[in-house]
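Okay, so here's the structure we're looking at.
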Amino acid sequence: MDGQQLRSSESPASGGGGVTGGGAPHLFHALGPALLISIGYIDLGKWVAAVEAGSRFGLDLVLLALLFNFMAILCQYLAACIGTVTGRSLAEICHQEYSRPTCIFLGVQAGLSLLTSELTMIFGIALGFNLLFEYDDLITGICFATVVPNLLPYAISHLGKKMVGTLNACIAGFALLCYVLGLLVSQPQIPLTTNVIFPKLSGESAYSLMALLGANVMAHNFYIHSSVVQGQKRSAFAVGALFHDHLFSVLFIFTGIFLVNHVLMNSAAADSTNTLLLTFQDVVELMNQIFVNPMAPTIFLVVLLFSSHIISLTSAIGSQVISQHLFGINLPLSGHHLILKAFAIVPALYCAKVAGAEGIYQLLIICQIIQAMLLPSSVVPLFRVASSRLIMGAHRVSLHLEILTFLAFLLMLFSNIIFMAEMLFGDSGWLNTLKGNTGSPVVFPSTVLITVACVSVAFSLYMAVTPLKSGSHEAELQQEWSVPSQKELLNTTQDREETCAGNVTYEEDQRSDVVPSPRIQPVDCLKSALDYIDSSDTAIESDHDSQHSTAHTSTAPESCHSPSFIPEESKSVVAVDWPEPLEPISNAIVAEESTVESVDSKSTGERDIEVEPALLMDNDKEAPNILESDNKPLGGNNPSCASDDGPPSLTFSRGKGSDAGNGSGSLSRLSGLGRAARRQLAAILDEFWGHLFDYHGKLTQEASSKRFDILLGLDVRTPSSTVRADSQANEIPKSPMVRDNLQGSAFLGSSRDLMSTKNEMSNLDLTYGLQMGNNIGSSAWSQGMQLPSTQLQSSSNSLLDQGARLNSNFSTPSYADNNQFYQPATIHGYQLASYLKQMNANRNPYSSMPLDPQRLPKSSASAVPTYVDSVMHARNQNLLASLGATPSQIAATSRIGTMMAERSYYVPSTLDGNENAGSSAYSKKYHSSPDISALIAASRSALLNESKLGGGTIGSQSYLSRLASERSQYTNSVARPAAPLAFDELSPPKLPGDIFSMQQSPNPSARSLWAKQPFEQLFGVSSAELTKSEFNPAGRSGGMTKDDFSYKESEAKLLQSLRFCISKLLKLEGSGWLFKQNGGSDEDLIDQVAAVEKLLQQGTSDNQLLLGDTQQPPCDKADIQYMRVLPNCGDDCIWRASLVVSFGVWCIRRVLDLSLVESRPELWGKYTYVLNRLQGILDPAFSKPRSALSACACLHRDIRVLNSLRHSSLVATNSIPRQIRGSFTTASVVLEMIKDVETAVSGRKGRSGTAAGDVAFPKGKENLASVLKRYKRRLSSKGQQ
């Protein structure tokens, strides 16, 4: 199509009849293009963005959505004004005003925006096809969506141009009407919120914020709108009226679109709380709960089918305009159709094949985000052209509207900058989902998204500082034309008319120069859609000559000067003889139009007609540009569970029972929790609490026998073992949650008991046992010596060569047959520095493990009186001397004896040991040195395998080989006093290598006095096996009763069960949502515990791989193995019975959160079971006072050790416990949640006439309401106390 045909093209949606200049026909001409453009804002991606924002953040983003809607109205209005005034599209003006590289970049952005719109349209039709015909094959749906929208244009191609334009307008209007009225009328139950809610922004909401921005404003629509209306040229008297018509049309249509978005957000917010929907099926099912009329989803799908035709048409128009003017490529419309479909169907098929329904949902949101990324740089040319006096003349935007455009640009730019900063430096849940850390399929690489965001922001800043080519000459033009001469002021009216006539001819040539290269003639009905011309244009343009004289005679003399873009080019253009095809252009049309521009551009005070567009926004509130992050880390080394799954190496593989990818049948997958995951969650919680409470919240018989009532504070009876207390002893607290805070002095008997003869060996055991802590860094050894696993790995060769040197501590007899398994009982404290220096000096030069001789062990502050210490010291020295120990051994023994233990703990593997082997029923394990059990286990397997491969030679094995052998003995022997080692071919059944092995134990059934501990074997330190109670107050006998053991055993098993339950919860797909809620100190504590457990689980397997352990246990066995030893960092450790109470509060809140959005009666029943059992935790959680929780070293140290695997040194961890953020969950908070659940569940209903609607839903509601009523009754009574 040549320049004449380009000027005469009109909107394909213009369906008005003859236009004589009245207001109504002008309105129809403006309404057609607006309807055509608005269909692009009602596709599936926009709908999903609104529902997702409302389901996750409620009404927090409604005000910002309103601002985005105003921005869309402003942009579309300016685009219509540009096309109407200049008669050119925005792409054509950009081609003239910007350099070629800039135009190409703008064209790439517009093309990407077109592609994302086409992609969302294909997905919308495909999913609509599947839902309408109940067909599950997405590939077939995509093929259907690719072919069907192209059939209608060819079906109506035989119709006339005017009929095609009218039909397009009717289709667009019908689709928009069904979309708006269908969704507004179909759901009267949800009240619309009229209160203005100030936006509550955070890093988590940046994702939904960008999706809403891209859903409300699209960059390619600017070019399409200006191109569609560019043929609607009117006289100066009609331009102002057209402006009002365009404003009214855009405002009317986009107001309806915003109402629909607001209804969707409000409905999703009322029916869901903090929900992340992952599939379109989830969205449809959620909407089924909201809408009363079951026809609403069907109407929406029909709208998608009708709108696909309009979107396909506008995409082809936009592609043609963009490619012709910004790229300089001329293709027919059919070619643009094929190109768009080809580029859109490839990612659609790939996403459907690889990612499924969940991936399609994520891609729909990402498409909206990409649209938002392209906006800041795309609106700069629009705003610059609209405010340019040289281009728009008298119709440039007003100052107030120019300020609004500037604020709109800042809002878009700040939104992109915040999103980019969150992607680069944030740790939000949606970012982990984009990176694939949550187990969700990665449909779009996050690195590509970050790159697009950074490039878009940089290009936006470049465009902001780059003026138009005509703007760069504005000063020169103003200097040339703004100062009128005195001669012009004295000219007569005839002279002024002659001047105007000259300018008419000049402007005619100049306007001809503006017309770009001819356009390609469209084919068939696509041609008719673009070339439809209203018959009324001839009548309007026939009066132009008479309007010229009126315009010229009523203006000042100087107002006849014509503006030019480049004066040098204008002079040359005047002398050019135009070719013949351009002559038919009406000179009267161009001359009149150019004269009006020259008149109004130089005399703003004397205009023919002054029409100021009304302001589009009644408020100029600037959106905040600072997002307040709610998920701040609690410390530099304490990652929060809000980081979902962390790096990819920390992502857990789901268990056998989980069903990843269950997207098509799941309702609202709460941040990845699908239907199967929610079912598994309920089963896990029911299993754990089923060991404690029955379905009435009463303690089970098994739990009562294990004293769980005392542990949890359900029964305040004093244990029978505490009845025999001396009058001088302190009163024993009745609740074990208070007993957890007792110091080591409570474990020591009185001096009378310590000096008794029959307890000398027991006291000696006690002296040596009290030195051992239970967690890393809890004792002096952990503060003085901490070796990371990388050090052990890098210096394993040096340790193998130097290990034998550590065997010279004691001059005790050894056996030549098995001396490779001999291990010294201990390393003297005063010899430690020399040993470290010697190892450091003789180590392998390739070793990177520095042994710091300055880190000497420091004695812990003793909590017992000095008199007791002196008595113990004297008695132990006498006993050691009587057993034949050397003075150096006695000195080392006394030094170790002064080290106090913070707390002790029973190892479950020994608690459930075989009592027939002759051991006591209960035995303790004391842990002091750093937890390197995983390293010992790894080195054991590797070295033993090496030993076997080497022919089983015993005498040549090194120190770590003996450690591995004894580690095997420790892990495979269960409380046997003289049990043979696991590797009989390597070691005889009995090893008398210790200095006390020659002395008979006073208790024949006791285990070996110098049994090696896994944490001590690396340093050669042995610990005593105590047979005394941990809780032994002053004044009591040194003996131990079974009640004391029962208490500690019960606490151990309870905490082990809790730890195993958390580990299973972490393996649920999408478990990140469970551990990133901000609900107070209980939830924060459980979140941090879960984070540490996750790192420890992965750290165990990583250490085995790091040290070359080829025989790795299965996942479940590995978890059980590493959980045999619970962490314990002292009296402030969180691993105590009160942690179970916090976990109970956490479970109540999670189950209520799930019940708030659950719509399946089967899961209602499972939640009811869990809530029934959790009634038992209400008393200790809400009736009794609880002390403030502190983040102990267990929540920090383990993370630091795991994170230091690749460093050469590790700083000792002695952090001060800090308070857990937030306060305890109160009964009133739970009552509010229960009210919300009751309201949400009462509105759920199934389809009438079905078993689900008539039986399952009512019964499920009844059961859930029953347990919630019991909760309300019990919590209400507790709140009044």
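Backbone N, Cα and C atoms are what each Cβ position is placed from, and that goes for glycine too.
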Notebook entry, point to check: Do Ser205 and Gln320 sit on the same side of the membrane in Swiss-Prot?
Noted result: no
Notebook entry, point to check: Ranges 22-42, 673-693, 1135-1155: which does Swiss-Prot label transmembrane segment?
Noted result: 22-42
Next item on the list: Verify whether three or more Cβ pairs under 8 angstroms connect the transmembrane segment (164-184) with the transmembrane segment (298-318), leaving out any pair fewer than 6 apart in sequence.
Entry: yes
Check: Residues of the same chain, at least six outside the transmembrane segment (113-133), with any C-beta under 8 angstroms of its C-beta?
Finding: 40, 43-46, 140-142, 144-146, 148-149, 218-220, 280-281, 284, 297-298, 301, 304-305, 307-308, 311-312, 315, 318-319, 322, 340-341, 343-345, 347-348, 352, 360, 363-364, 367-368, 370-371, 374, 378
Item checked: Proximity verdict for the transmembrane segment (209-229) and the transmembrane segment (363-383), three or more C-beta pairs under 8 Å -> yes
Checklist line | Per-residue pLDDT averaged over the topological domain 'Extracellular' (422-447), given as an integer | finding: 76
Check: Cβ under 8 Å to the transmembrane segment (138-158), counting only same-chain residues 6 or more beyond its ends: which ones?
Finding: 121-127, 129-130, 164, 167, 305, 308-309, 311-313, 337, 341, 344-345, 348-349, 352-353, 356-357, 360, 524-526, 528-529
Item checked: Residues of the topological domain 'Cytoplasmic' (83-112) by DSSP state, where helix covers H, G and I -> 25 helix, 0 strand, 5 coil
Next item on the list: Go through the chain and flag residues at least 6 beyond the ends of the topological domain 'Cytoplasmic' (319-325) whose CB is under 8 A from any CB in it; none is fine as an answer.
Entry: 89, 91-92, 94-95, 103, 107, 110-111, 114, 220, 223-224, 227, 331, 333, 336, 339-340, 516-517, 519-520
Checklist line | Tertiary contacts of the topological domain 'Cytoplasmic' (83-112) (same chain, 6+ residues out, Cβ under 8 Å) | finding: 7, 219-220, 222-223, 225-234, 239, 242-243, 246, 318-319, 321-327, 370, 374, 377-378, 381-382, 384-385, 391-393, 395, 456, 459, 463, 466, 468-471, 514, 516, 565, 593
Notebook entry, point to check: Looking only at the topological domain 'Cytoplasmic' (384-400), what are its DSSP counts of helix, strand and coil residues?
Noted result: 12 helix, 0 strand, 5 coil
